[in-house]
Structures are given as structure tokens and as C-alpha cells.
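Per Swiss-Prot, ATP binding site is recorded for Gly14, Pro15, Thr16, Ala17, Ser18, Gly19, Lys20, Thr21. Per Swiss-Prot, substrate binding site is recorded for Thr16, Ala17, Ser18, Gly19, Lys20, Thr21, and the stated evidence type is sequence analysis. Annotated region 'Interaction with substrate tRNA' per Swiss-Prot: 39-42, 163-167, in sequence order. The feature site 'Interaction with substrate tRNA' is assigned by Swiss-Prot to Thr105, Arg127.
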Amino acid sequence: MPADQRPLAIALMGPTASGKTALALEAAERWNGEIVSVDSALVYRGLEIGAAKPDAAMRAAVPHHLLDLRDPWQVYSAAEFAGDARQAIAQIVARGKLPILAGGTGLYFRALLEGLSHLPEADRAARASIAAEAEQIGWAGLHSELARVDPVAAARIHATDPQRIQRALEVYRISGRPISYWQALPPGLRLPVRVLKVVLAPRERAVLHGRIERRLDAMLAQGFLAEVEQVRALPQMRAVAVPLDLPAVRAVGYRQAWEYLDGAGSLAEFRDKAIQATRQLAKRQLTWLRGELDARWFDPELDRHQLERALVGFLGDRSAVRQASGV
């Protein structure tokens, strides 16, 4: 199929708290779209307030996909996401609608848009062994080990990113080859749609930091800590030996809330830690996004007109058609 005949889709990317959800809803209403979440926290049931999951009104107004796929004690891989997202996109296109990929999880975007190398499957025993070692020497110590066996991967993975450290060491231990070897292999099947990549990011870092702080305060006012208490109280979560090793609990904000509810520090200290962790996440997201050379960057507040022109230029101006048809 020629490239210009492929179905269209848009990818709304950006750091946390940059306005992706609002733009996705606007685009879905204007261009008759459905939203495919590209967020590793939103796949977990029970993670609502702290994950900024679309509420019932949003989901009633616009169909959303890939939310609430797993319980918080379960694991969901990038490969599983890519398969589920590909299926959702095919169904959206079959309905004659626009797929809108919205989120900030770079690994998910990479898996879907570029394909994943043929990495070895997850190994529970290896993961458990690595988690036990982390209890003894810490993730920084394991990052040092990774630097010895796979310096290429260690240079890409931050010492405070336990999930990726664990996966890189797991791959090395079960296959005998570093994860960077597997990632350098030709990727799998690419997504058969033509995608416009849009990055939303305030030009001034202070603006993003302010949005992060205000959003956390709003989450606390909405009952974020009570939500985490509910997740902690689930029998399946109470049965987990080291819940802080679960991907759902490692989500930014949830980890800091979990530690606070375990008695680590005051409420003010929890707030400061959560804000700092979210800023660090945003920094990592921006670093990854700068590698997306075919993406177009817009300030969500200052570049509204340029952003609209870019979307209309790619998708066409369907607003008049939709208004006339009553859709």
C-alpha cells in the first residue's frame, strides 16, 4: 500500500502534565476520533487520580482504549501493549475513525511505531533474583553491574529507573547477551498507518514545573492518598512480598505515596518527593522526545495557532463537515 494511501493517525506525545489529554479530546471531537492511551500507568485498574486517568465523562464523550487492562499486582509489557494497540487501531480505522495515540510512555510509543527487537520473554525467577539483590545492594549497585556487562544499555538507563535496570539484567542473565545486542537487531512489523507525531512541551521549564506542582496538589485534594490506601488494602497486594517492585507501584507519585503511607517522612516531605520525582520523569521524557527527529514541537499555550495549522494540514478541516452532518 503506498504511503499516501495508508490510514492517518496522530500521536500526541510530551512530558507529563503538558496538556496531551485535553488536546486528544479536542482532536477526537473535531476529527471524529478515538483515543488510544500510550501510558504505562493507565493500564492498571485502581490507578485513577494519581495516574490522571480520563474520568467517566471523558470516556463517555470519546471512546478510549487500553485503559484498565491489568490489576495492580500484575505486569504488562511493551510487547503486549504494541499488540493490543495495533488491534485497537485496526478496529478504529475499520470504523472510519481517526486513531489518536496519546501519552508519555516512550517505550510504548517505540514498540508501536518502530517495532521491538526480538527480546527474550520475561523470566519470573530471574526477576525475583534481581529484586532480591536490589534489597541487598540497591538499584544503584545493580546499575553498576549493568555498566560492567552492558555499558551501552547502562548509558541509556538512569540509575533511578529500577524497572529498566531489572529488565536489562534479566535479558543478559537468561540469554547471555546484553539487551543492547537484542535492541540493535532489525525491528519487527511496523504500524501500517501514516502518523503525525506532535510533541506538546512548554518552552520554559518553569511553566512545566508549575503545571506539575498544581496537578499534584489537585490530585491530593481529590483523594489521591485514599486511593493508594485502597490499592494497598487489596488482598492480592498484601500478599506481594515487595510491592514496591511492582510496575504499578513504581509509577511516579504512587511510589512516593506508598513510602509515605509506610511511615517514611511527613506529608510535606512526601509532596516534595513526588514533585521532584515527577520533574525527573518529565526530564527523561523530554530527553527521549528529542530523539524523535520527525516529530513537530509545540508549546501548548503559545503555539495554539501553529498547532491547529499542523493538524489541519495533515488531517484536513473536518469541522464544517461534522457540524453539517450533526455527528
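Glycine is no exception: its Cβ is also placed from the backbone N, Cα and C atoms.
For the region 'Interaction with substrate tRNA' (39-42), the residues of the chain that approach it from at least six positions outside its boundaries are 50-51, 53, 66-68, 76, 81, 103-105, 107-108, 247-248, 251-252, 254, judged by C-beta separation under 8 angstroms.
DSSP states for the region 'Interaction with substrate tRNA' (163-167), grouped as helix (H, G, I), strand (E, B) and coil, give 5 helix, 0 strand, 0 coil. Sequence-distant neighbours of Gly14 (ATP binding site) (same chain, six or more apart, CB under 8 Å from its CB) are Lys20, Gly104, Val199, Leu200, Ala201, Gln285, Leu289, Pro300, listed in sequence order. For the binding-site residues shown (Pro15, Gly19), fewest C-beta neighbours within 10 angstroms: Gly19. Using a 10 Å Cβ-Cβ cutoff, Lys20 (ATP binding site) registers 27 neighbours.
The two recorded residues Gly19 (ATP binding site) and Arg127 (site 'Interaction with substrate tRNA') have their Cα atoms spaced 35 Å from each other.
Counting Cβ atoms from all protein chains shown, Thr105 (site 'Interaction with substrate tRNA') has 20 others lying within 10 Å of its own Cβ.
Contacts of Thr16 (ATP binding site) defined by a Cβ separation under 8 A and a same-chain sequence distance of 6+ are given as Gly104, Ile212, Val252, Thr278, Leu281, Ala282, Gln285, in order along the sequence. Between the candidate binding-site residues, Ser18, Thr21, the densest Cβ environment within 10 Å is the one around Ser18.
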